[in-house]
Amino acid sequence: MRACPFLLLLLLPLLLSLGRIAAVRDAAGAGPERRQDDSVSQVQKLREEPSKVRDLQVKFIVRTTPDLDDADCYITAGQDHLLDDCNFNVSAKTFFVIHGWTMGGMYERWLDTLVSALQEREKEANVVVVNWLALAQQLYTIAVNNTRVVGKELAGLLDWLEEKKDFQLKNVHLIGYSLGAHIAGYTGNYARGIIGRITGLDPAGPMFEGADPSRRLSPDDADFVDVLHTYTRETLGISIGIQMPVGHIDIYPNGGDIQPGCGLTDILGTLALGEIGDLVICEHERSVHLFVDSLVNKDKQSFAFQCTDSGRFKKGICLSCRKNRCNSIGYNIKKMRNKRNSKMYLKTRAGMPFKVFHYQLKIHVFSYKSLGETEPSFSVTFYGTSGDSEPLPLEVSDQIGLNYTNTFLVYTEEDVGDILRIKLTWESTTQSWYNFWSQMKNYWSKPDPSSKELQIRRIRVKSGETQKKAMLAVEFWELKSTCLKMVKVEKHCSRPL
């Protein structure tokens, strides 16, 4: 039975304090021998007897089947015969999957799913699970210290493999979850050569946030480092996933904050079922499932867009693909090494396939008359060549700008194709808003301020995925209505991704 990870949220501040106290005590009262990391000495002792593979605290399991129960083939540095026994192909692409901290001493359920997806996508590749459960099932602070030990062990294995004739580090892809992401970083730091790629799946935040690059995952650890951040929201002053960018590309699905399917409504349902453990890990593990999604749904790849912060992305400002400002996420990501901003953002669905379709709306409001203090809520419905959308809410972060182009981000879960027309709707319980619209021939006529509350010239729509643009004008309007229907008046234009 798995221990409840919810305790982590309550105990992390205490664990961190205990770790600091223990470090101060050891430094003040212990001799040089006592200060030596016990885990390091234990692993070093075991390395002197490499034949006792099952006794090692770090095991490298070659997965020949998706089922963990059937996986019983280990490789270790210096034991050439184990490569043959495990059918390890030194010339093939090799994945190393590295799990994170554990409270129950067991593999997490996502590992089977990820291994199976890798084997299905790359049938000739080696898939190796780095089993460090014995060192991970410790107090969090101790497990953090053990990540360096595991990184050194894996680096030693890679150095040994690199001595083989056809083995190349550029074909190695380390995939680390939570603490496992930082283990991948240490591995790249300690290995003699340059590892091809590291993917960090929501790297752990506590004790790594703000740390020196040599003490956490960083862009220097591989030829290419990509990171998915899915749990960067602080709880009790601590973020479970690291908030800072630590790769060449750092992707923040849904702002790295609340993930669809992990919100308040889902919390209440989960509590009713008594599955609080699944609730807490929902956002943290979402990074794994997004990566799996990129492996199994090749025809439904999610796109992310470069932006300086989540706030600007939510306003729809950052849907450009110029100069490599957009990219697919997960396994199929295009390698880019940004020297400045590496942050990218996207919206997702609550489950696989996670892909959504992003749209930027630009609405120029010439004038309006507010009849109350509360802004109305807006929604828009798309009618396209492939289908229609549900009403999509427009998030108004500030007041509607007068004589100003207001930009919004909306997204659909299904592809509606090219936009043919849209319906703009607004409503409020505390005030009335009326629309004003006319054909272009009537646009320059003087409006009647006593009856016309909202004046819009036209709406521009841009698709993030296709980069197609459309301009829409009025189809018809009713003076007392809160609904405005518009049709495309110009042919769309597109810019290739």
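Each Cβ is built from the backbone N, Cα and C atoms, and glycine gets one as well.
Since the structure is predicted, the reported quantities are computational estimates derived from the model, not experimental observations.
Over in Swiss-Prot, the protein carries these features:
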type: ACT_SITE; residues: SER178; note: active site, nucleophile
type: ACT_SITE; residues: ASP202; note: active site, charge relay system
type: ACT_SITE; residues: HIS284; note: active site, charge relay system
type: BINDING; residues: LYS335, MET336, ARG337, ASN338, LYS339, ARG340, ASN341, SER342, LYS343, MET344, TYR345, LEU346, LYS347; note: heparin binding site
type: DISULFID; residues: CYS73-CYS86; note: disulfide bond
type: DISULFID; residues: CYS262-CYS282; note: disulfide bond
type: DISULFID; residues: CYS307-CYS326; note: disulfide bond
type: DISULFID; residues: CYS318-CYS321; note: disulfide bond
type: DOMAIN; residues: 357-492; note: domain 'PLAT'
type: CARBOHYD; residues: ASN89; note: N-linked glycosylation site
type: CARBOHYD; residues: ASN145; note: N-linked glycosylation site
type: CARBOHYD; residues: ASN403; note: N-linked glycosylation site
type: SIGNAL; residues: 1-23; note: signal peptide
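Positions of the features from Swiss-Prot, shown on the structure.
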residue: CYS73; record: disulfide bond; Cβ within 10 Å: 16
residue: CYS86; record: disulfide bond; Cβ within 10 Å: 20
residue: ASN89; record: N-linked glycosylation site; Cβ within 10 Å: 14
residue: SER178; record: active site, nucleophile; Cβ within 10 Å: 29
residue: HIS284; record: active site, charge relay system; Cβ within 10 Å: 22
residue: CYS307; record: disulfide bond; Cβ within 10 Å: 23
residue: CYS321; record: disulfide bond; Cβ within 10 Å: 18
residue: LYS335; record: heparin binding site; Cβ within 10 Å: 13
residue: LYS343; record: heparin binding site; Cβ within 10 Å: 22
residue: TYR345; record: heparin binding site; Cβ within 10 Å: 25
Q.
Same chain only, sequence gap of 6 or more: which residues have a CB within under 8 Å of the CB of LYS347 (heparin binding site)?
A. PRO253, ASN254, VAL356, HIS358, LEU409, TYR411
Q: Pop the Cα-Cα gap between ASP202 (active site, charge relay system) and CYS282 (disulfide bond) into the table, whole Å please.
A: 12
Q.
Suppose you look only at the domain 'PLAT' (357-492); what would the mean pLDDT be?
A. 70
Q) Given the recorded positions ASP202, CYS307, CYS318, CYS321, which one's Cα is the least distant from that of ASN341 (heparin binding site)? A) CYS307
Q: Sort the recorded positions ASN145, ASP202, CYS262 by C-alpha distance from ARG337 (heparin binding site) and give me just the closest.
A: ASP202
**Q.** Rounded inter-Cα distance in Å - CYS326 (disulfide bond), CYS86 (disulfide bond)
**A.** 40
Q. Which residues does CYS318 (disulfide bond) neighbour through Cβ under 8 Å, counting only same-chain ones at least six apart?
A. PHE305, GLN306, CYS307, THR308, ARG312, ARG325, TYR345
Q: Return the residues near ASP202 (active site, charge relay system), defined as same-chain residues 6+ apart in sequence whose C-beta is under 8 angstroms from its C-beta, sorted by sequence, else 'none'.
A: TYR177, SER178, ALA181, LEU228, HIS229, THR230, TYR231, ILE240, GLY241, ILE242, HIS284, GLU285, ARG286, SER287
Q | From recorded positions CYS73, ASN89, CYS321, the one whose Cα lies nearest LYS335 (heparin binding site) | A | CYS321
Q: Using the structure shown, find which entry in ASN145, ASN341 (the recorded positions) has the sparsest Cβ neighbourhood within 10 Å.
A: ASN341
(Q) Quick check for the class: what is the C-alpha distance, in angstrom and rounded, between CYS321 (disulfide bond) and LYS343 (heparin binding site)? (A) 14
Q | Rounded Cα separation (Å) that holds between CYS73 (disulfide bond) and ASN89 (N-linked glycosylation site) | A | 14
Q. If you measure from the Cα of ASN145 (N-linked glycosylation site), which of the recorded positions CYS86, ASN89, CYS262, LYS343 is the nearest?
A. LYS343
Q: Round to a whole number and give the Cα-to-Cα distance in Å for the pair CYS262 (disulfide bond) and LYS343 (heparin binding site).
A: 23
